[in-house]
Amino acid sequence: MVEIGADGRTWLLSGPTSSYGLRLGDEDELLHLHWGPRIALADAEALAAGPGPEYWAFEATLDGHEEYPVEGGPRFVRPALSVRTPERRGTEWRFEGYGTGGAEGTEGAAGAGDDELRLRFSDSGLGITLHYRMRAGSDVVERWVTLANEGPALEVLRADSATWTLPLRDGWRLSQLHGRWAAESRLTRSDLTYGEKVIGSRRGHTGHQHLPWVALDADGTATEELGEVYGCALAWSGSWRIAVAQLPDARVQITGGAGYDDSGLLRLEPGEGFVTPVFAGLWSDGGFGGASRAWHAYQREHVIPDADRYRPVLYNSWEATEFDISEEQQRALARRAAEAGIELFVVDDGWFGARTSDRAGLGDWTPNRDRFPGGLKPLADHVHGLGMQFGIWVEPEMVNQDSDLYRAHPDWVQFQPGRRRTELRNQLVLNLAREDVQEYLWERLDTLLSGAPVDYVKWDFNRAFTDAGWPGEAYPQRLWVDHVHALYRLLDRLRAAHPGVAFESCSGGGGRIDLGIMSRTDQVWTSDNTDPLDRLAIQHGYSQVHPARAMAAWVTDSPNTQLNGRVSSLRFRFVSAMAGVLGVGGDLTRWSGEELAEARTWVELYKEIRPVVQGGDLYRLRAPEGGLSAVQYVRGDEAVVLAWLQAQHHGEPVPPLRLRGLDPTASYECLETREVHRGAVLLHHGLRTGLRGDLDATVVRLRRK
Ligand code: DGJ
């Protein structure tokens, strides 16, 4: 709901539990009013009528109060918008008007019941529109900015999507998700201090190093289930930056958008425009858990395509075979996968071109005839015959120098004349900003998806940008931004042309997880780290913002061959992977009949609990910090608890799990033991798991009676 004050200069957006308010000051400066619990328009008007910011000669009156601080004039905060022409730098904007509702000028389609507010400003021919949208039934505020240049050419040095302002409190604690390859999404919390904390990626993709998300709670008072939490997440899959600033008067602002540096995002010629990605914000008073559930619901309802269609259990051959693949071996794996009850069989890297190692073949998206003499169709038919869907791996944005594509088009990669072309994993990045490259990829991928009955595409991206140059193109180059737009367009076009095909976003594991890619893919590969214990911490971090519905997780071999050699039971590996979209990635040809039969039982159990895991509300009962950890999913009358015991120590009894989200007045039957528990007892005294020893795990299903 968008409400407008009587003077037409105060606006209030409200969701089910929260409101967001702003107003125009006397000199058309756009000031923040409120972000927090739901308030009435009269409250917003009272705030607007209250005293404005205080004046001090050595401070900027506007700093910490503006909705979108532009560069120029009496402001010392980091500008959200910075533009320059040959004559001058900065913006002196005038308010032009506002609009509400409708889809005019929006980014992404607005649905019925969504509410949007648009505020239009201009400066010397540059139109600047700030967009605010709350989706029906959600407390997430989506913000973005459109620039339309009707004046002379200018350079956009920086165009953030939004600046978020927090209420004045004594202090703030910052939560973030940091990491590296095979150790993504590590949750860390620290007190905010004066100055700026900047996270981001200057790598051309979202990066393993930080998820584009932050959360802040006042004075470090929020717990998992209680307290106010503010969160922001950026919908962008290229380089990005989020800066959290505590200003001299202790106010906190968070500004974020595409691009890492302020040195040049793009150039706008007369008549050109730019739409920033969405930077979404959420206030919740349900603690970190409540905030996560609201983010998850928002993504399931408004971001992830067809999120109500549950993801199948997949098999992926990468850890089992790496590059050493053949049709016969894939058929053998497929037969084993079908025996285990798997629903989707995915051939990973190595099926195309001269791709027998990571040194060759990327770019040549035709089946390797030595390995697949009849192309992919015979294998796809075999897999379908076994009752499974068929999927393939691709890495379209990349090329090996040893490939027909590179030999034919050495200028199709990102490079700077006279400079070394840096190879990482022996590959170069294609310049997706080029239309010929876009057309080539469209034609190859469309042909591929039309030539064999493919149901699923795992879309990988295995190196960062290092030589992002485009000879002949003036700086600042659009390449960084256009690469992401071209990727999005390609995915959109493929999805439209092949509506039955599902896509997975992968970037060497979790290097491309963000709201932008998630709006175009059906699931994400969370990490190349498939060790079931390490995974618990990665999944804990991921779950702060993203839902289980999109979180792919595989059961692989023990000892863990990829990383740490850890030995763990099938039980522990399965229960760890069942917390998301279950997959299997071990070498099934080496699994014993007993192991396969056990796997089948777990897969069957997963299919039963899938609607609750993939569609339910997540409660993190205990964090994976050693000892006992557990998550619970609740959907309607059903609840599922997954619990893991890392190590049991004598004299330290394993505590019962206090459950959440149940009706205290109801009774719940445990489908494992047939015991009936009272809701109030489960909530206040807890559920005994019976876990013991090291690396033990369990699944408990509860149904309301
Ligand atoms: C990185 C991915 O994360 C792996 O799962 C696998 O697909 C390899 N790339 C293949 O090269």
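Placed from the backbone N, Cα and C atoms, the Cβ positions cover glycine too.
TrEMBL does not curate its annotations; it predicts them automatically.
The substrate site in TrEMBL is built from D348, D349, R425, K458, W459, D460, F461, N462, C506, D528 plus one of W181, W213, W644, namely W181.
Cβ neighbours of K458 (substrate binding site) (same chain, under 8 Å, six or more residues apart in sequence): N316, V346, D348, G391, I392, W393, V394, F503, E504, C506, W525.
Annotation note: N462 (substrate binding site) sits in a coil segment as assigned by DSSP. Cβ-based neighbour count (10 Å, all protein chains) for D460 (substrate binding site) stands at 24. Mapped onto DSSP helix, strand and coil, the domain 'Glycosyl hydrolase family 36 C-terminal' (629-702) counts 6 helix, 31 strand, 37 coil.
The average pLDDT computed over the domain 'Glycosyl hydrolase family 36 N-terminal' (29-268) stands at 94. Long-range Cβ proximity for W181 (substrate binding site), meaning a same-chain Cβ under 8 A and a gap of 6 or more residues, is found for H208, G508, G509, G511, D528. Site extent for substrate: the farthest pair of Cα atoms among W181, D348, D349, R425, K458, W459, D460, F461, N462, C506, D528 sits 19 Å apart. Under 6 Å, Cβ to nearest atom of ligand 1: this is the test, and of the binding-site residues W181, D460, D528 it is passed by D460, D528.
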